Every structure is written in C-alpha cells, then in structure tokens.
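I have a structure here, written as structure tokens, and I will follow up with some questions on it.
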Amino acid sequence: MSLGTSPAQQIGKEWRRILEEYRLGHPDVTVLDPPDAILHLRNRQSMLQCVADMNLSDSYGRVGVPKQLVIKRDASSIPEAVNEAGLRLPLVAKPLVADGSAKSHELSLAYDQNSLLKLEPPLVLQEFVNHGGVLFKVYIVGEAIRVVRRFSLPDVSRRELSKSAGVFRFPRVSCAAASADDADLDPNIAELPPRPLLERLAKELRRGLGLRLFNLDIIREHGTRDRFYVIDINYFPGYGKMPEYEHVFTDFLLSIMQSQCKKRALADQY
Ligand SMILES: Nc1ncnc2c1ncn2[C@@H]1O[C@H](COP(=O)(O)OP(=O)(O)OP(=O)(O)O)[C@@H](O)[C@H]1O
Ligand SMILES: [Mg+2]
C-alpha cells in the first residue's frame, strides 16, 4: 500500500481496476455510468461543484448551492474559518465523505460559535437555508425526470436562533420523512420547481457529472418563489420510491439498447 492511501481508497482503486479490465475484455457490455464519475459524488464538496460552476439563472428561477466551507481537520480552527468565510449561523455539519455508510449520514445543526468546536472534521459546513420544511427529490434516469415532495427540517427563526445553543444531531430525515404530497402545505412552498428549470438543470448535470442515474435534493428558499438550492446529489438512489419507476426504467434500458443497435448497424456499414 502506498503512503497516504487509506485502505478504503486502496479497495476502491482495486475495484476500479477490475471493472476497467472487464470493460476492455468485453467491449459489447454497455457501461451505464463510469466509476470515476460516480466517485465524484462520494465527496460532499465535489458533489455540488458542478451546480456551483453552472450558476444557473433564467426567467424561471435561480439554482445555486448554500454557502459552504470544508474543514479537513482541527475543530479548534472552525470558528475563525467560519468568520473568515462569512458563513452565517446556524450551520449544517455534514461528514465530508458520502459513501452510504450510517456514519456518513450523521448530520448536525450548530447554533452558536462555541458549538462549532464540538464538531468532528473532516466535514462540510453549510449555511442552513430556511425552506418551509419541504424538499423536492428530483430523480434522473437518462432523459427522464420525476419529482416528489418530502418533509424536511423546519425553519429556524432569528428568535429561535438567539435562544438556542449547542449542536443538534438530527436523524436521517429522508428515511423518516413521509411524502409531503398530500399534506396541507403553504402553496408557495409546496409548488414544484418549474419544469423548464428542472429540465435545464438535469441536462447540465448529466453533462457536467457524466452520469445518467442519480437524484438531487432541492429546496426553495422560504419567502421566495424562484430561489432554489441543491443540497445533496446521490448516485443510484432508492428508485423504488420514484413514481412510475418500472416504466421509466424499461424505457431507459430500451432506448439504450436501440441506440447501441443503431451504432452497430452503422459500424457494420463501413
Ligand atoms: N443547507 C441546508 N439547509 C437546510 N436544510 C438542509 C441543508 N442541508 C441539509 N438539510 C436538511 O438535512 C437533510 C439531510 O441532508 P443531506 O441530504 O445533505 O444529507 P444525507 O445524509 O446525504 O441525506 P440523504 O442521503 O438521506 O438524502 C435534508 O434532507 C434537509 O432536510
Ligand atoms: Mg439528501
């Protein structure tokens, strides 16, 4: 093992080598998404970079990422780093690595400067954006897009913030959160993001990430109609929760087969 490489990274490398060897040995096998592009989503900093670079803004709305900061080590440096970066409390602390393990989903909300010292790097600190307690899960399967509403963390008022202190560890919201589709929600918050905006976002992300099977968590900033933030992107999420998943997947796989057949037919002509 080379110095500076963790066992997990080493296994990851070995796994990629095996996949690459298999791909080269079996040119007829279709690779849906390349392993390197998938790995890009395993780090909460790099996962949102594509959205940040895109700076998507049109007449339908604006899509960005919450202001964030990466802390690699040393919790004692956090308060100063937060001040320098101009991040406003409360902050969501997320483990830097998002590898699907239970640990990587242990998120917390830090309300005050002192509580920042209790956090455990490596992590990403993200400004908490009030969003009316509802988030949108946007599923991408090739060209197809499906959106569902989910309950999320409630807003934190200025008054509440001034009275609160400490680190609040919160459970995995997406597991507990039932569908918010039938709930009696504020229509301004519950309204799905405009379709044309989602289509542009999905198209740019497919291209930028080089992936076809992923989902994103999007929130609408409270008090706005058209200000959106992407807070999370996952590779191959639980598609069982996506409406019409059987049809969407069948169409996706069929379209891939058809384009492969066309390519082969063209290659045979020459
Ligand atoms: N910047 C933010 N502002 C407001 N709420 C946030 C923010 N980041 C995360 N949350 C809340 O925390 C929840 C979990 O965050 P996130 O999706 O990043 O973590 P996760 O562990 O990858 O979750 P999962 O994989 O279950 O979706 C979100 O669903 C949302 O309710
Ligand atoms: Mg999420």
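Placement of Cβ uses the backbone N, Cα and C atoms for every residue, glycine included.
Remember, TrEMBL labels are computer predictions, not curated facts.
According to TrEMBL:
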type    : residues                       : note
BINDING : ARG44, LYS94, 126-137, SER152  : ATP binding site
DOMAIN  : 55-267                         : domain 'ATP-grasp'
BINDING : HIS105, LYS137, ASN234, GLY238 : 1D-myo-inositol 1,3,4-trisphosphate binding site
BINDING : ASP217, ASP232                 : Mg(2+) 1 binding site
BINDING : ASP232, ASN234                 : Mg(2+) 2 binding site
Find the shortest Cα-Cα separation between GLY132 (ATP binding site) and the binding-site residues HIS105, ASP217, ASP232, ASN234, GLY238, and name the residue that gives it.
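Nearest by Cα distance to GLY132 (ATP binding site): ASP217.
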Out of ARG44, GLN126, PHE128, VAL134, PHE136, which of these binding-site residues is nearest ASN234 (1D-myo-inositol 1,3,4-trisphosphate binding site) by C-alpha distance?
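That would be ARG44, nearest by Cα distance.
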Of the binding-site residues LYS137, ASP217, ASP232, GLY238, which one sits closest to ARG44 (ATP binding site) when you measure Cα to Cα?
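When the Cα distances are compared, ASP232 comes out closest.
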When you measure from each Cβ to the nearest atom of ligand 1, which of the binding-site residues GLN126, PHE128, ASN130, GLY238 fall under 6 angstroms?
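Cβ under 6 Å from ligand 1: GLN126, PHE128.
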Can you tell me the three-state DSSP label for SER152 (ATP binding site)?
coil
Cβ-Cβ under 8 Å from HIS105 (1D-myo-inositol 1,3,4-trisphosphate binding site), same chain, 6 or more residues apart: which ones?
PRO95, ARG172
Enter the number of other CB atoms within 10 angstroms of the CB of GLN126 (ATP binding site).
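There are 22 of them.
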What mean pLDDT score does the domain 'ATP-grasp' (55-267) have in the model?
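The answer is 93, the mean pLDDT of the model over that range.
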